[in-house]
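Peer 1: As annotated in TrEMBL:
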TRANSMEM  B:12-33  transmembrane segment
TRANSMEM  B:66-88  transmembrane segment
TRANSMEM  B:100-118  transmembrane segment
TRANSMEM  B:124-143  transmembrane segment
TRANSMEM  B:155-176  transmembrane segment
TRANSMEM  B:196-215  transmembrane segment
TRANSMEM  B:235-253  transmembrane segment
TRANSMEM  B:259-277  transmembrane segment
TRANSMEM  B:284-304  transmembrane segment
TRANSMEM  B:310-328  transmembrane segment
Amino acid sequence: MTAIVEMENVTFAYGETVAVRDVSLTIEAGDFLGLVGPNGSGKTTLLHLMLGLHSPDDGRIELFGQPVEAFDRGERIGYVSQKATSRGGTMPVTVREAVTMGRFARAGYSRLTDDDRAIVDDALETVGITDLAERRINELSGGQRQRAYIARALASEADLLALDEPTVGVDAESRDAFYKLLDSLNDDGITIVLIEHDIGVVTDRADRIACINTELFHHGDTESFVESDALEQAYGTTGQVVHHHH
Amino acid sequence: MDRTTRRRLERLGLALTGLLAVAMLAFLALEWLREYPYAGTLYDQFTTAGMWADYYLGTSVFGYSFMLRSIAAGVLVGIAAPLVGTYLVHREMALIGETLAHTAFAGVAIGLLFSATTDWDGSLLVTALVVAILGALLVQYLAERTNAYGDVPIAIMLTGSFAVGTLIISYGRGGFSGVSIDDYLFGSAAVIPAEGARLVAILTVAVVAVVALTYKQLLFITFDEQAARVARLNVTWYNTLLIVMTAVVVVGAMQILGVILVAAMLVIPVAAASQIARGFRETLALSILFGQGAVLGGFAFAISQGLPPGGSIVVVAIGIYLLAILASSRSGSAISIH
């Protein structure tokens, strides 16, 4: 198997505050990794480090076998951030335009081709929002909007989907449908890294878990995580564990 | 109105705007080259056509080359400013334009000082352009450092550069002759020198070309900067490009609108377009059409009433904005841009 992400003894601090300490982990092709931990535990920072949005103070990170700072195949990563997007709520952009952005990294300065447009159509269809393509993205419900961002990632033909709490503010029904979609994408061979505050959802869906609270408390398959006491350790006695049964 | 009709009308509007812009560029080029044989004849035909237009319309505008020059500069600014403004407004950088206009004003003052104390007799617009671009790079540097386009660095830059400008002008009062600072502050249709209009022409062509080339990248960083970083777009470079283009547009627009009103052209047509547009491409198209409407309507109002064009253009633009709000609330799809 090939490693998609490889982190070795990675440490990162915001000024004096250490957010991630001495974390080593490997994500293999085809993994569905759930990244869990209490609020402020450094989950998002860890994800940003993997994607090269922050540079580590110490340690080494490789993305698709390349040092992350030299990585230039941006189209291989589909990224859905915590607030989905900073401007999606106000900016006049159609769903199709947003999904088409997934092709921009590949196209560079050249014009988009018919192939690009066909791939965008396919991505819209895969996530089931073809009928919404010409709507403004801020007219969509939370669940529909998240599907649009996934479609953008699919349009870039990404090998790695990085999702930071993608279902915040999404109703339960859409959320289930959304995770079913992730499952089927993972079955198609796309590697997924998911940050999710709802531990129940993660343990139901992910096949591997990384549990972090500044340091890595567990990294391995989901069964061993459920049986271990990593969760109690990471969350401590004061931490609140969100558990959700299906 | 259904989607196809709407799209057709927009295309028609853009085509007419394009034709008008080409005609205006041709006029400015011919005026520049009128010493040369063929260009001179064509230029004369332009002014003759203007006189006929005056005769039929009962005006006395188009026969005067200085008026045509102002209108040409206005038409071109009416394309470039909303084009760049669409990205600025949706990056919540609406006041960058105003800041850079004040920086450009400091540039004018520095140019005055420079020409009073040395043998240099170049255009004040050149110093305005240089200082505005340096100001743009400084704002960009501050924004990167403070990690946001916070309004504090912007307020400091805006007032600071204006303070420097007023100090220099007060210092040189009596020493600087032949330049009306009021024209730079409030804009004027009569003041635009041939070289100023030519500068606007060159800058407009450059801005339109750059936006056409980097449309996708600028859209992506505006819509989702973090995702654009993950996709390995050079976000800092495109941000710098955008802010330098803003400085360039501001110096062009400043001649007509004046330092104080320049931000209007970057912001109001875009705000109006964002009310009713269904997507980003349509927002760009409508911004340009509304900008053009404001410029032409503003000039018509200013000329007919004998008022300055700057204020007239802004008032017409705000009229268009109010109509756009009305239209969007009527169609039931009102979306506030805030």
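Placed from the backbone N, Cα and C atoms, the Cβ positions cover glycine too.
So that I understand the layout, could you describe where these features sit and how close they are to other parts?
Peer 2: Sequence-distant neighbours of the transmembrane segment (B:100-118) (same chain, 6+ residues past either end, Cβ-Cβ under 8 Å): 124, 126-132, 134-136, 139, 157-159, 161-162, 164-166, 168-169, 171-172, 175-176, 179, 181, 184-185, 243, 246-247, 250-251, 254, 259-260, 262-263.
Panel annotation: around the transmembrane segment (B:124-143), residues 96, 99-101, 103-108, 110-112, 114-115, 149-150, 153-154, 157, 161, 179, 195-196, 199, 239-240, 243-244, 246-248, 250-251, 254-255 of the same chain, lying at least six beyond its termini, place a Cβ under 8 Å from a Cβ of the stretch.
Sequence-distant neighbours of the transmembrane segment (B:155-176) (same chain, 6+ residues past either end, Cβ-Cβ under 8 Å): 95, 98-99, 102-103, 105-106, 108-110, 112-113, 116, 131, 135, 138-139, 142.
Below 8 angstroms of C-beta separation, residues 77-78, 81-82, 84-86, 88-90, 94-95, 97-98, 101-102, 104-105, 184-187, 246, 249-250, 253, 283-291, 294, 310-311, 313-314, 317-318, 320-321, 323-325, 327-328, 331, 334-335, 337 of the same chain, each at least six residues beyond the ends of the transmembrane segment (B:259-277), sit close to that stretch.
Within the chain, the transmembrane segment (B:310-328) has long-range Cβ neighbours (under 8 A, six or more residues past its boundaries) at 74, 186-188, 256-258, 261, 264-265, 268-269, 271-273, 275-276, 290-291, 293-295, 297-299, 301-302, 334-335.
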Peer 1: Per the definition of 3+ C-beta pairs under 8 A with sequence separation of 6 or more, do the transmembrane segment (B:196-215) and the transmembrane segment (B:12-33) touch?
Peer 2: yes
Peer 1: Quickly jot the same-chain residues contacting the transmembrane segment (B:235-253) by Cβ under 8 Å, restricted to those at least six beyond its ends, or write none.
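Peer 2: Beyond its ends, the transmembrane segment (B:235-253) has Cβ neighbours at 73, 76-77, 80-81, 84, 87-88, 91, 93, 96-97, 100-101, 103-104, 107, 125, 128-129, 132-133, 135-137, 139-140, 143-144, 199-200, 203-204, 206-207, 210-211, 214, 217-218, 221, 225, 228-229, 262, 265-266.
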